Amino acid sequence: MPMIDIDWLKDHVEVPEGLTYEQLAKDLVKVGLEEEEIHSSQVTGPIVVGYVVDATPEPQKNGKTINWCHVDCGDEWNETDEDGNKVPRGIICGAPNMKAGEKVVVTLPGAVLPGDFKIEPRKTYGHISNGMCASERELGLGDNHNGIILLRQYGFSEAEYEALKPGQDAMHLLHLDQPLLEINITPDRGYTLSYRGVAREYHHSTGAAYTDPAVALNEKAPEPADYQPGTPVDIDVEIDDNNPIHGVPGCDRYYARIVKDFNPNAHTPNWMRRRLIRAGMRSISLAVDVTNYVMLDLGQPMHAYDLDKLEGPIVVRRANEGEKLTTLDGKEHDLSVEDLLITDSPNGERGSRILGLAGVMGGLYGEVTADTKNILLEAAHFDQVTIARSARRHKIPSEASRRFERGVDTALQPAATQMAAELMAKYGNGEPSEHPNDVNNTPRAKAIHFKASEVARVAGLDVDINRISDILTDIGCTVAGGGNGEFAVTAPSWRPDLNEPCDLVEEIARLVGYDQIPITVPPAPVEGLVGLTPDQQRRRRVADELAEFGMVESLSYPFVGDDDYKAFGFDPEATKKVSVEIANPLYGDRPYLRREILPTLATTVQRNIRRGIENVSLYELGHVYLWDPNAPAIPALPGGVRPTDEQLAALDAGLPEQPDHVAGILTGLAEDDGWMGGKRPVDWSDAVEAVRRIAGRIGAAIELDQPAADDVPVQWHPGRAARVMVGDVFTGWVGELHPRVNEALGFPAHSAAFELNLTALFATLTGKPVQAKPISTFPPVKQDLAFTVDETVTAGQLENVIRKAAGANLESIELFDVFTGEQVGEGKKSLAYAVVFRSPSKTLSAEDSDAIRKAIVAEAAEIGAQLRA
């Protein structure tokens, strides 16, 4: 995230004297730039400027040569000899660039360097070293550790260097005593990855006077050669994108300008080097440092090429299959046809040589070296999606790609190149060309039709229409109209995130202050349904019922992979074909979305069991994703534009079905040991009871249908699982998990589970209110009925027959006995029910109850049931 230096910020906006980093953080957070951290210096003094009086080389037995030096550190810090006179400090230094007559940075005893490295007098190589001459890396100023810092070569002007005195505070000189503010920015506000952008936001927060540096730079930039009749361009540039992503060109502006007769030996000025280092970038060379500095200051990534190595035209194109590129970091990359490249044309072969991966990183060929005298400056505007994909594909999160993928100002290229050219001319004696080439295909910004009333409707803020206009103008928008409360607003070139009225409302709310939004309860709509939908109410009832049953709700990630498929006995390859695959999965070993909840819920149960909790009763409500391989392809739509109704319908048609499911897993003991009885392990009946409770709570008339063993899915026990049916509608499974699944997951034996398709289950309900029956005051008639039936007849089937025959006089029915044996015959079983009859209008006589009994017996005979004596 960006590091903010108050001294640099002052270049673009007025800040009060004595502004602290803590106050700066408070000011910026008001406009949405959050404080990540205020970084204090890792270095403490004393650290001073030293003058090397002498440096005597002393070869050592190990082949190394050290220098025994005497360094003048000023009267305050020099040593005192036996006579009480101040004399230079004796210091051992092994750096190869140490020599007499140089001014260096001396860390004195008591100083602490990064990594908690404490400086103390120590005896080494036969001398007492009373301090240390420091390198950039030792002070945390960069990566250079090839030698100590020689202030003569550290970017000071001749006059500044001569003014440096021994004993002068080097902490302040090198800004080692200054903190930095690191801020966190949102992906849609890429312009704040620059001091230009942060200064603008500080202005919005405090009202401080702000000057946009790009305005003056654009005015000074020369007209492109195309606008100067008869003037040749610096170098020909062609944009040839034959594979745009989502129809958006990978490059819509490429600005090229030449700087000739550049001095490759010129040093980066100290102020620029210091700012780059404090921003977290190392100083490389003047040419490279200038492009990096312009990027940090204005927000425009740039690239510098050695012009003498290039042959025009420069061609911006997509990569071809099989092409490779070795980038500046020395790594070779296999290119994708989606990658956008910068190429030149050696020997007339147009676009045949790759110079770099556009907007991400340059290649080895064409880079600026210590011999470069003529430079081609590139400032371009690249598509956000193209750059983001290339950076992630090749794992190159460069500073340039971070900015391009968030959106760069389409009007900034001439200003950035002008600034870079001026700096190279001033510090490198280069001669900027006056004939730049500007290939500009950027689309014209569209006006947004904006109603002032949207601010109150969306954000709840009462903002005066004139203030709305002022705010939009202040952020850079062009505002027209307003007489009738409606504006035509054109977003500035640096705000690609402003596309719709809601974006403008967000900006107004941000700058008025989120703390100014009144706290109000949204009013319920006057017309239509109010509150939860019927299905939402049913979902809550299901959750409440399972919680009352003693189960605990869980929420798992909906991601699955090969291990989950194998644990549940699924064929991984067959399951993948009908599963939704995630393009950029959170977990590499779980790249698919679940088709059932049980596999993901099982991972939560596993985690509990591994931590010693075996008695688990968890349930989860959530979506599953049922991919249809024959579904139409989802169309690719351009960004920044609201899709049409037809496009939305095409998107919807290609989406997978996403029904609501509820699933539960019960393991271990259903009942603990106690005074009422012994331990009872979980079995299929506990899962069935949970399903029955769900059905009873929402008023669903479910039936359990036990299929043949061969028809039971692989994850269920073939003899202890049943389909959950509502009439002819299949709504799920309930029973024990297959022993193989329990073993694979590490579950106790006989672990039970259920999974219901709530979308299908809710669809079977009429939605009509349940009519409560009045409580009858007449006495009940209780009878026990035992029937002999075939083994294939289920208790549920016979119960439905009894309910139908008894009619309105049936108050309750309960199965209390199932019996098989010689007494009932082979292939038969006995089912006994306790039934209660009660009339709402009279006392049932013996004749009434006998008639009901006969009706039940007659109806039961239709399915082969015989009443036992």
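Keep in mind that glycine also has a Cβ here, set from the backbone N, Cα and C atoms.
Among the candidates Asp497, Asp515, the one that Swiss-Prot lists alongside Asp503, Glu506, Glu507 as binding Mg(2+) is Asp497. Mean model confidence for the domain 'FDX-ACB' (776-868) is a pLDDT of 90. In the structure shown, the C-beta of Glu507 has more C-beta neighbours within 10 angstroms than that of any other entry among the binding-site residues Asp503, Glu507. Within the domain 'B5' (443-519), the DSSP-based counts of helix, strand and coil residues read 32 helix, 13 strand, 32 coil. A Cβ within 8 Å of the Cβ centre of Asp497, Asp503, Glu506, Glu507, the residues given for Mg(2+), is found for these other residues of the same chain: Asp188, Arg495, Leu498, Cys502, Leu504, Val505, Arg510. Sequence-distant neighbours of Glu506 (Mg(2+) binding site): residues of the same chain at least 6 apart with a C-beta under 8 Å from its C-beta are Ala459. Long-range Cβ contacts of Asp497 (Mg(2+) binding site) within its own chain (separation 6+, distance under 8 Å): Asp188, Arg189, Gly407, Asp503.
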